[in-house]
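Structure first, commentary second.
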């Protein structure tokens, strides 16, 4: 079975989303716990990307963003960069993004359904928070070896806002899809005119 090639237009759109994902790293609020992860818009962007794109493109966008960060481009929370960032106690929240970018497209279905997309987004958000919390808890010397503290600061603190992000992400998918299709139609019409 021949794989469908990604068009130049799609690559441009993917690059734009990778750039917005990088910018979202600077929109963060620190939690009032020592060494705790920040509340950020990055997980919102990861979820939106995973809802909008098929699995290959979703993973590619997040992988490119993550590789840029590992290579030293300041695309992680607070303008941080480097492999060392991922190896800190809160690095699990970032590392798991690549898995989330693959899992959500697998469960969202091929056609848009508001309830299914919302539930897929909720699954993705909870998956990020659980893996991040476990990473934080088991990280040696993190200060979150106590389960109550780890669950409170590393999981429960994120849930209310994350649920709001999931609802918003699922609601705005049709609007983004229409814009992306419109761009494809414009490109195709221009191509036909030239030919």
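Cβ atoms here come from the backbone N, Cα and C positions, even for glycine.
The annotation transmembrane segment is assigned in TrEMBL to 12-29 (among others). Cβ atoms under 8 Å from those of the transmembrane segment (12-29) belong to residues 6, 38-42, 44-46, 49, 52-53, 57, 60-62, 64-65, 68, 73-80, 180, 183 of the same chain, restricted to positions at least 6 beyond its ends.
Feature annotation from TrEMBL assigns transmembrane segment to 35-53 (among others). Under 8 Å from some Cβ of the transmembrane segment (35-53) lie the Cβ atoms of residues 14, 17, 20-21, 24-25, 27-29, 61-62, 77-78, 89-90, 93-94, 97, 100-101, 103-105, 108, 117, 120-121, 124-125, 128, 132, 136, 142-144, 153-154, 157-158, 161-162, 165-166, 168-170, 172-173, 176-177, 180, all in the same chain and six or more residues away from its ends.
For the transmembrane segment (60-78), the residues of the chain that approach it from at least six positions outside its boundaries are 14, 17-18, 21-22, 25-26, 28, 37-38, 40, 42, 46, 49, 53, 85-86, 94, 97-98, 101, judged by C-beta separation under 8 angstroms. The annotation transmembrane segment is assigned in TrEMBL to 60-78 (among others).
Residues or ranges marked as transmembrane segment in TrEMBL: 90-107 (among others).
Feature annotation from TrEMBL assigns transmembrane segment to 119-138 (among others). Same-chain residues lying 6 or more positions outside the transmembrane segment (119-138) and placing a CB less than 8 Å from one of its CB atoms are 37, 43, 46-47, 50-51, 89-93, 95-97, 99-100, 103-104, 107-108, 144-145, 147, 150-151, 153-155, 158-159, 162-163, 165-167, 169-170.
TrEMBL lists 150-173 (among others) with the feature transmembrane segment.
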